[in-house]
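For reference, the structure discussed in these notes is given below.
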Amino acid sequence: MGNKQTVFAHEQLEAYQDCTFFTRKEIMRLFYRYQDLAPQLVPLDYTSCPDVKVPYELIGSMPELKDNPFRQRIAQVFSEDGDGHMTLDNFLDMFSVMSEMAPRDLKAYYAFKIYDFNNDGYICAWDLEQTVTKLTRGELSTEEVSLVCEKVLDEADGDHDGRLSLEDFQNMILRAPDFLSTFHIRI
Amino acid sequence: MLRAALPLFGLPLAGAAATEEPTQEPGSPGEPPAGLALFRWQWHEVEAPYLVALWILVASLAKIVFHLSRKVTSLVPESCLLILLGLVLGGIVLAVAKKAEYQLEPGTFFLFLLPPIVLDSGYFMPSRLFFDNLGAILTYAVVGTLWNAFTTGAALWGLQQAGLVAPRVQASLLDFLLFGSLISAVDPVAVLAVFEEVHVNDTLFIIVFGESLLNDAVTVVLYKVCNSFVEMGSANVQAADYLKGVASLFLVSLGGAAVGLVFAFLLALTTRFTKRVRIIEPLLVFLLAYAAYLTAEMASLSAILAVTMCGLGCKKYVEANISHKSRTAVKYTMKTLASCAETVIFMLLGISAVDSSKWAWDSGLVLGTLFFILFFRALGVVLQTWVLNQFRLVPLDKIDQVVMSYGGLRGAVAFALVILLDRTKVPAKDYFVATTIVVVFFTVIVQGLTIKPLVKWLKVKRSEHHKPTLNQELHEHTFDHILAAVEDVVGHHGYHYWRDRWEQFDKKYLSQLLMRRSAYRIRDQIWDVYYRLNIRDAISFVDQGGHILSSTGLTLPSMPSRNSVAETSVTNLLRESGSGACLDLQVIDTVRSGRDREDAVMHHLLCGGLYKPRRRYKASCSRHFISEDAQERQDKEIFQQNMKRRLESFKSTKHNICLNKSKPRPRKTSRKKKDGLANTEATNGKPPRDLGFQDTAAVILTVESESEEESDSSETEKEDDEGIIFVARATSEVLQEGKVSGSLEVCPSPRIIPPSPTCAEKELPWKSGQGDLAVYVSSETTKIVPVDMQAGWNQSISSLESLASPPCTQAPTMTRLPPCPLAAEEPQPPFDLPYDPRPSFAFPPSLAKAGRSRSESSADIPQQQELQPLMGHEDRTHLSPRAANSHWCIQFNKGGRL
């Protein structure tokens, strides 16, 4: 990649390598992917750390993502200010969490954050209802959704406070080790 | 005497006898029929099916005998025992008949014995796990089998060239390759038999087992190719033939899979239209799967692959389409057939080995083969795993590899294939047969015996038998979506991408096409899991309930312990309360807090929504059960619910009269109560869940149902949905009283504790809503031993009182309850009205969740309504101001729901 140096300064690349679980090559690939999302917005020169965000509308309108119920939530969780607009750092973070090298706790933390729709640090019944509704694409009645949510809460709620804390969530996830072991993708 | 009697019967039977005569006595053709025989021995007519039935019977009896001793079966796999039994039987047959009979015939094996096993494994294959590991499975199945076949064959040939195999074994390189191809395939039957008892973790199991299923295509192709090469003679083999061989590999495997999928599609489509002929649903499953097998066999495609894919592909749609009963029928028939076939296979394997005329021994060949298959299997696994681990997210570690190599069992498929060899073309056939038998025996017996200790010793991750949870389902789906989204963003079309695409396709087209409308409605998987959890629990409930009920009251498990009041151990207490009161030992025995609530939710749904399982319960024990169409019944039930509700109001005046009848319940429940109380209190001082309206509800219910039972036994039909109704009514009444005694709300008084249920009681509907059970249990028991019961209850009450304190001490966090409550409970006269008109306790605020707006809570109403018995976890301090409100809300919703 001849233009590697022109995109990032050497220090920048090193910093990215430190902050993520990626090699230099993967970072460059991800960058080009990021740049692909909005070629007119993202400059090919990042040495000056431009303050560029890819708006959520661009990400959400990708044809592959059209049917994905969680596209907005993912963008929100990983974007800095929760509005779904992603900087390059956010973008890299997102994949970093998904990489095989990322520790389980980190994965669990981000999974938890994705569930926590109202950002109050707990998964409450309302959060779960959102999840279930999204997952079922509105095919269940409200009654059914709340039944399911109640049961899910019951299953995992270790301290019986009617909502899931991060600890509850981690406990539950660690009890079935298969969950997180599948929470990877290969870039 | 017989002859003398003949004329008597002669006339009427003459016609029938005349037609039968010639066929029945082929042994004495010359002899004219000497009149009519009264008694005739017709062995030859029934011989074949009779023998088949006998063999299966012997095998089943053997199975029973093996399992009489738990110790033996825990150490020795059943397959080993069966093979040994086969050896013994074969020896007996040989000794008696002087020739070996009843061999494992390849035709029988491939056409009748193998399909049920493969269908069973394909149908019940965890499809997600299978496809998650498809890459690894395919690698081991294709590359691994090819590698094993060629290396084993070549190495044996090398052994022969080195002079280590006796020269009388006349075999060329091709012969050895042929032998290698049949001996190299891991056998699904053997693997299944052994691994099912070992319980290694799911991933490991699916890899070994999936390999054993999928390698069939490779084995079949290799075997056929080598066989035809051998028959052609190695000189005549053209280069094009090798290419054809490779091409046929694809043809056989993909063709087999395609046949399977086509039949799966047909099967799913057929079951969509069986609504009016439910009875043939299970038959369809078996017929079409078998047709898939035979079709593939006919086209010399991989039949195992076909039937596996058929089972794998149709399951989702078939399960959705067929009725619950059919599902059970399919499940059990499939398991029965597979188990039968497996048993017979192993036994016949043992018997076949006795026939020494077929085989010829050569130590060099046998030992060499044994060594090579073990060695190359291990080497192949290590090499392939190394490659696979470069791509796998969860690498297979060393221990996994050891188990995988050691789990490569050979079995009946190899044996059947080697029997099929043509002796004229393969002069060394007898040696190969002997070697195969030894290899099969070695792998099944030695490896089968040692794999369990090995797995233990290596500390291989075992599979955990936990119930499938909704969480699991939910998170799996969520993660899938998240991963698919992330993959999409990065533009990487990986596994998740394709799975996502497939799911969408399935949802949009396939499911629409293959599922009937009503099934499609509940086809959402999360709801489906929820539904299944309920059904499964309902079944276990019904099974246990049915079991106890069928034992006609006298053997009620709780009876002995009730009489022996002296026993005061906690476990005894638990057991008693569990079996006697709720007929559900399982729940009591497990960890209480979370599990109870979980079960509670399910059972409450059950009370409200699921008709079939409860119908079954009815059917099994109600004399007045009338079979109706399900839809009609449900409509009727709903109607009855409404009627019931109106009846309740004036009936409630009746309980005083029949109060005595309800005594057993308060007693039992109060015992459990303490237990439950300790439990809930232990969970960091939250408001105890188990105090409240539900308590009274349970008792009222009992009373009413009994009274009804007495007054009109035909009313039992109506008892069904008591669960919902009584909750509503009790709540309303209690709530009204709650308004009166609002000042006491903070201190849930023990006054009503005696009739109150435990947390289990209140959470498990059959405990709280005794509508069904009370009718049956009580009527049965009171009829038979009323006095006894009465005495027993009195005794148990006193024992209860003596036990009252220990649970109390176990609940140190019981801050909200003054110490007096439990003490006050004891002096409470046991025959007090369960329906205490001075309820000094507070009710759950039903709908008044602290932080919620009205609109939110209204959205929650359905949930609340289902979960009312759990209401206790709401904050009691909010109660009374809203009591009236919530009361009306409940009423309203009940009405709307009904």
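The backbone N, Cα and C atoms fix where each Cβ goes, and this holds for glycine too.
TrEMBL has this to say about the protein:
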- B:662-674: compositional bias 'Basic residues' (COMPBIAS)
- B:856-867: compositional bias 'Polar residues' (COMPBIAS)
- B:56-457: domain 'Cation/H+ exchanger transmembrane' (DOMAIN)
- B:1-16: signal peptide (SIGNAL)
- B:48-68: transmembrane segment (TRANSMEM)
- B:80-97: transmembrane segment (TRANSMEM)
- B:109-125: transmembrane segment (TRANSMEM)
- B:137-159: transmembrane segment (TRANSMEM)
- B:171-195: transmembrane segment (TRANSMEM)
- B:204-225: transmembrane segment (TRANSMEM)
- B:245-269: transmembrane segment (TRANSMEM)
- B:336-354: transmembrane segment (TRANSMEM)
- B:366-387: transmembrane segment (TRANSMEM)
- B:399-419: transmembrane segment (TRANSMEM)
- B:431-451: transmembrane segment (TRANSMEM)
Determine which residues of the chain contact the transmembrane segment (B:109-125) at the Cβ level, with the cut-off under 8 Å and only residues 6 or more beyond its ends counted.
188-189, 192, 206, 209-210, 213, 285-286, 289-290, 293-294, 297, 303-304, 307-312, 314-315, 330, 334-335, 337-338, 340-342, 344-345, 412-413, 416
Intrachain neighbours beyond the transmembrane segment (B:137-159), with Cβ under 8 angstroms and 6 or more residues off its ends
130, 165, 171-173, 176-181, 183-186, 206-207, 210-215, 217-219, 222, 364-365, 368-369, 372-373, 376-377, 379-381, 383-384, 387-388, 404
Are the transmembrane segment (B:399-419) and the transmembrane segment (B:336-354) close enough that 3 or more Cβ pairs fall under 8 Å, when only pairs 6 or more apart in sequence count?
yes
Chain residues in Cβ proximity to the transmembrane segment (B:245-269) (below 8 Å; excluding those fewer than six residues from its ends, i.e. six or more beyond)
214, 217-218, 220-221, 224-225, 284-285, 288-289, 291-292, 295-296, 299-314, 317-318, 321, 513-515
Using Cβ atoms only, state whether the transmembrane segment (B:399-419) and the transmembrane segment (B:204-225) have three or more pairs under 8 Å that are 6 or more apart in sequence.
yes
Below 8 angstroms Cβ to Cβ, which residues of this chain, lying six or more residues outside the transmembrane segment (B:366-387), approach it?
139-140, 143-144, 147-148, 151-152, 155-156, 159, 164-165, 183-184, 396, 400-401, 404-406, 408, 410, 434-435, 438-439, 442
Contact set, same chain, for the transmembrane segment (B:48-68): CB under 8 Å, 6 or more residues outside the stretch
78, 81-82, 85, 89, 102, 339-340, 343-344, 347-348
